[in-house]
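Here the structure is laid out as C-alpha cells; the discussion comes afterwards.
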Amino acid sequence: LLVMISVVQGYTLVGPLQHSFKVAMNIADTGAVGHTFTQAVAFVQWGKFAMTFGQNFLLFWLTPIQRVYLSMCMMFVGCLIPPVFVYLMQTQWIGVVFLAYALTGLSLGIYECNFLNVITPLGPLTKSWAIMGFPGAFAIINVVGFGLVSFGMPVQVLFWWIVCCIPVGVAIFYYTVPGAAVLSSRSNGVEAMSTATNTQATIWRSLAEWRRWALKLCPFMLANVVGHFVMEGALPANFNAYNAHYVPLFGPNENDFLMEKHRYFVVFFVFVGLGDTLSRRAGYSFKLDTYASNIGALIFGLVCCCIGMLLTTVGIAVVGWLSAFLAFWGQGFNYAVAAKYIDKFVPKEHNLAAYSLWMFAGGAGGILGSTMVDV
C-alpha cells in the first residue's frame, strides 16, 4: 500500500496541482497557451498508453521487478521538475510541462502492470490493499494537502512532499516486496513471474495464445476505457469550472452560499476518496465465480461512471460532490473486478500480458478524457 501511494502521488499532478502548476507559470485557463498546457498534461495519458503494452517489447531485457525500479526513478525525475524548474528557477518555458508529464506518464505505464504482476503471488488480500494506494494517494494530496493549503501552507510544499516520498517507497519495496513475493510463490509451489528472465518470449507466447485469454478480457478493457475517460475528463472539468476564489454551491447565479475554492475541493476529494476506496474493497468482497457475474459487475460500475459524468455537466457545485463519488465508485469498482478476474481466470503465464493489455485500453480512454477538457 505504501509503495503504491509513493508512486501514485506523482499521478496527482493531473489533479488540483495541475492548476497550481499552471498558475505558477502565469498561464491562463483560456487561450492558445492554456490549450497547449492542457495538451501537455495529456502527455501523462500518452505515456501510460504507450508504455503499458510497449514496455513488454522495449524493456524485454528487464524483469518485472527491475521495471518497477526503473519506473520509480522516472517518476522521481518527472515530479522533481515542477518544484525545481518552476518554483525555484521561475522558468516560464512550456517545455518543462511536457517533460514533467511525459516522464510521469511513461513511469505509470511501466509501473502499474508490473507492480501488480510482482505482488500477485502474495494473494488477493494483499492486492486488494495495494490497489487502494490510488485513492489513498489522492486523499493525502487533495484532501489533507489542500486542506493545509487552504489554511495558508504554500502549495509548493506538496510538490516537494511528492518528490521526497518516492525514495521512501523505493526503500520499502526493496526491503519487503520482492522477497515476500518469492517466498509466497515457493510456499504455494508456483514459480514467481517476477523472477522470470525471458520476458520477451513470454509476451510473444501470450500474443500467440491470445484466444485463451484475450477475447474474454475485451469487456474489462471496454469498461476501463470508459472509466478512464470519465476520471480524466471529470476532474479537470471541475477544476476549470470552479476556479474562482469562492465557489457558489447552489449554482453560478446563486451567491448566498459560497465556499472558499480550496476547501470546496477538499470536500470534493473526500467524496472522490470515499467512492474510489470503498468501491475497490467492495469489488474484492464479491465472489464473482462466473464470467456472467463479472460482466454484471462491470455493467453496474459503468452505470455509476456514466451517471457521475452526466451530473458533472449540471454545473451545480454541490451536485459535483455526488458526481465525483459516483464516477469514482464506478471506476474503482471495475478496477477491482478486473484485477480479481485477471488473477483468478487468466492463465498465470499470461498475467502480465493481460494486465498490460487491460491498462493499454484504459490509457486510450484517459487520452480521450484529458484532451477533451477544453471542448
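Going from the start of the chain as shown, residues are counted 1 onward.
Each Cβ is built from the backbone N, Cα and C atoms, and glycine gets one as well.
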TrEMBL annotation (transmembrane segment) - matching range among 34-53, 354-373: 354-373
Given ranges 226-243, 262-279, the stretch to which TrEMBL attaches the annotation transmembrane segment: 262-279
Sequence-remote partners of the transmembrane segment (94-117) [C-beta within less than 8 Å, at least six residues beyond its ends]: 3-4, 7, 10-11, 13-14, 21, 25, 27, 33, 36-37, 40-52, 54-55, 59, 64-65, 67-68, 70-72, 74-75, 77-79, 81-82, 85-86, 127, 130-131, 193-194, 339, 351-352, 355-356, 359, 363
Cβ pairs under 8 Å between the transmembrane segment (129-152) and the transmembrane segment (291-312), at least three: no
Which of 158-177, 291-312, 318-342, 354-373 contacts the transmembrane segment (262-279) most, counting Cβ pairs under 8 Å: 318-342
Residue numbers, six or more beyond the limits of the transmembrane segment (291-312), whose CB comes under 8 Å of its CB atoms: 216, 219-220, 223, 226-227, 230, 233-234, 237-238, 279, 283, 319-320, 322-331, 333-334, 337-338, 341, 345
